[in-house]
Amino acid sequence: MTNIRKTHPLMKIVNNAFIDLPAPSNISSWWNFGSLLGVCLILQILTGLFLAMHYTSDTMTAFSSVTHICRDVNYGWIIRYMHANGASMFFICLFMHVGRGLYYGSYTFLETWNIGVILLFTVMATAFVGYVLPWGQMSFWGATVITNLLSAIPYIGTNLVEWIWGGFSVDKATLTRFFAFHFILPFIIAALAMVHLLFLHETGSNNPTGIPSDADKIPFHPYYTIKDILGILLLILFLMLLVLFAPDLLGDPDNYTPANPLNTPPHIKPEWYFLFAYAILRSIPNKLGGVLALISSILILILMPLLHTSKQRSMMFRPFSQCLFWILVADLLTLTWIGGQPVEYPFIIIGQLASILYFFIILVLMPVTSTIENNLLKW
């Protein structure tokens, strides 16, 4: 008799994705982040669902309802902080996952990569609208500043902003629709993640060497299920350390002040995971130029397969490209730091130089270095 997991229509899908899936025998811990992102998403949907049971999306009561969750709801405080810090863990895993893709040349799986870039945009949109919901000072002013960027679009900009706001400023209508967006987007992310996996399983996983691994495959279960469980336990450990010992470490103190349209905070800045893009936006002293640079900083990922000039897929055996990659990582950390600093000397010039370097490394230095490496190997 054939095993039910191989015949049952539903279990067959699960079996082919998580049990009998042929996986390369040498994938490292950098390949753990896909499953960790799945766990983060499930965790965010569950904690978010319980928060939504007590949250009210009205300007008069939103801030109070979040306070009520923390003070009066059974274990509301832990649910709220798991959700807030879960977003940070989500982005840490995302950045690691994308970084892995860049380092090991996983972007040559075009469909998987492009869906991944769409996923990145969707997660960023979800995090942005979610940050507005507690209706603190930074929520309100963050929403005002970021939505206002759309007014840089010629001709239709102003109308577009007012249409998104549902009025002439960020107000009750804006908060209500942002809550609706924040509720629906995670389910869209889950659907996109399934498509992402579908395309990945068409080709099979990449591996650190970048060499096809068809000759050396092992079953996903038990080898990588146990490895993923270890990753998940570590993820939960780090998340709970953050939640229980330093829940406000990554937040902004201004968001504990209720939103006040008449009082602007001294430094308007987004959550830490958007600071690198915010620094690129601020480094251009022109509104439309800044918006284009902001979008380009993420959209540039779509160009990665076109910019790949090396005859090797992975960076594992390319020391010069490795150097450039880690300079790019350092540059992104610099941009993250600058994004949280006030707009004054010397931060302005550092931000501008770091922004130029970011685009210069990706668009010029990496393709040129890859070509030089090809020539050094007489390829």
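Backbone N, Cα and C define each Cβ position, glycine as well.
Long-range Cβ neighbours of H182 (heme b b562 binding site) (same chain, at least 6 residues apart, Cβ-Cβ under 8 Å): G48, T126, V129, G130, L133. The feature heme b b562 binding site is assigned by Swiss-Prot to H83, H182.
Per Swiss-Prot, the feature heme b b566 binding site maps to H97, H196. Of all Cβ atoms in the shown protein chains, 21 besides its own fall within 10 Å of the Cβ of H196 (heme b b566 binding site).
The feature ubiquinone binding site is assigned by Swiss-Prot to H201, with similarity to another entry given as support. In the three-state DSSP reading, H201 (ubiquinone binding site) counts as helix. Residue environment of H201 (ubiquinone binding site) contains 14 other Cβ atoms, counted within 10 Å of its Cβ in all protein chains.
Sequence-remote contacts of a segment are chain residues at least 6 beyond its ends whose Cβ falls under 8 Å from one of its Cβ atoms, and for the transmembrane segment (33-53) they are 69, 79-80, 82-83, 86-87, 89-90, 93-94, 96-97, 100, 182-183, 186-187, 189-190, 193, 228, 231-232, 235, 239. Annotated transmembrane segment per Swiss-Prot: 33-53 (among others), in sequence order.
Positions annotated as transmembrane segment by Swiss-Prot: 77-98 (among others).
Taken from Swiss-Prot, the feature transmembrane segment covers 113-133 (among others).
Marked as transmembrane segment by Swiss-Prot: 178-198 (among others). Below 8 angstroms of C-beta separation, residues 17, 37-38, 41, 44-45, 48, 52, 55, 57, 112, 115-116, 118-119, 122-123, 125-126, 129-130, 132-133, 143 of the same chain, each at least six residues beyond the ends of the transmembrane segment (178-198), sit close to that stretch.
The transmembrane segment annotation in Swiss-Prot covers 226-246 (among others), and the record cites similarity to another entry as its basis. Counting only same-chain residues 6+ beyond the ends of the transmembrane segment (226-246), those with a CB under 8 A from a CB of the stretch are 29, 32-33, 35-36, 39-40, 43, 78, 81-82, 85-86, 88-89, 93.
Within its own chain, the transmembrane segment (288-308) is flanked in space by residues 98, 102, 105, 107-108, 110, 113-114, 117, 120-121, 124, 149-150, 152-154, 276-278, 280-282, 355, 358-359, 362-363, 366-367, 370, which lie at least six positions past its ends and keep a Cβ under 8 Å from the stretch. Per Swiss-Prot, transmembrane segment is recorded for 288-308 (among others), and the stated evidence type is similarity to another entry.
Feature annotation from Swiss-Prot assigns transmembrane segment to 320-340 (among others); the stated evidence is similarity to another entry.
The transmembrane segment annotation in Swiss-Prot covers 347-367 (among others).
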Protein Cβ atoms within 10 Å of H97 (heme b b566 binding site), excluding its own: 20
Distant-in-sequence Cβ neighbours of H83 (heme b b562 binding site), under 8 Å, six or more positions away: Q44, T47, G48, L51
Secondary-structure category, per DSSP, in which H182 (heme b b562 binding site) falls: helix
